[in-house]
């Protein structure tokens, strides 16, 4: 008997019905196998862990390749070198912590302290605190009974450090801007810090002040005005388009901005009346970063969008691992005040993936988990302890867009020289990334 082939059915309707029947039968078989596997894994959780460890998808990110470099080249922090700086620096720090002098044995000094002697002062971490701010709180508590003259001097000093007055919605916080574990800015190579001292060691007392402008004869006035809502302390100044007026160059604009105490100049470029590029100048003398923009979507066009407030947002930098990536991460960090206002519940995320930087701005809220929702799982696939009945709701504020770094100039504009330039031929190796 000849085998039945549904593709040879002459009637089109009969052929479609047979195709739907076979498709439904396959789906039912897969569903039954999935339910049966779940019952077995509920009885033996080891089977689920073994299956997840075996069925790891092979993506381009997991196949990422790194450049082979010696210790001297990694210490120099070359921008064109694709090395995992954070992993190398973290490994060196762990090795230094494990090293113990041979001539000192802690066990020999256990009974050296006599009973009559008073114990030494206990630090914040030894007393059970986290070591971040316990010592400072103790010092403030000990000064409650000080003289009035000391209080006045302290108040004067505090007044000088306070930020300038803003709208009534200000909600200050002493917490620093957030950064994910994949981008630890404290492990930046020393050679990179020495090459860009103004970018890596900004003044903590001065909040960033950004001047936003556009290219000559630009029509993106509304888009440039939206950028002022992203960067706190920013102002938009139009570049004149009159044919008889003087056309100020970027160098002249940066010189003017430096005299007006601006810290950055952001220039929005356009192509066919759409945002196409973003140039960021770190004042007073650079460096200058050139980004290309794609997938620009205003907040008003996002479904279920919210309206932003003037609170200082929290900053999340994710996926910056190479020397060039850390340089770009420090640039974005310098654009936002280091004192996020937690009450505003606004967060700005810069996620780097395959050298594309995805820019998103959200407002978050913590709510109770509904019965139909699953609990939060970690990267290992296991449930996170302590947040089983909590979920985070997100509302995107916009705008959203994607950046790609094209060039890093030493000073202002191209003729100042380049620290790094994007090369199209480098993308032929799909598993090598610069950021």
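Glycine is treated like the rest: Cβ placed from N, Cα and C.
Note that this is a predicted model, so its numbers are computed, not measured.
Residues annotated as region 'Disordered' in TrEMBL: 1-180. The compositional bias 'Basic residues' annotation in TrEMBL covers 11-24. Annotation source TrEMBL lists compositional bias 'Basic and acidic residues' at 25-52, 92-112, 157-168. According to TrEMBL, the compositional bias 'Acidic residues' annotation covers 129-155. Residues annotated as compositional bias 'Low complexity' in TrEMBL: 169-180. Taken from TrEMBL, the feature domain 'Brix' covers 206-414.
Here the compositional bias 'Basic residues' (11-24) is broken down by DSSP into helix, strand and coil counts: 13 helix, 0 strand, 1 coil. Within the model, the domain 'Brix' (206-414) carries an average pLDDT of 90. Helix, strand and coil content of the compositional bias 'Basic and acidic residues' (25-52), in residues and according to DSSP, is 27 helix, 0 strand, 1 coil.
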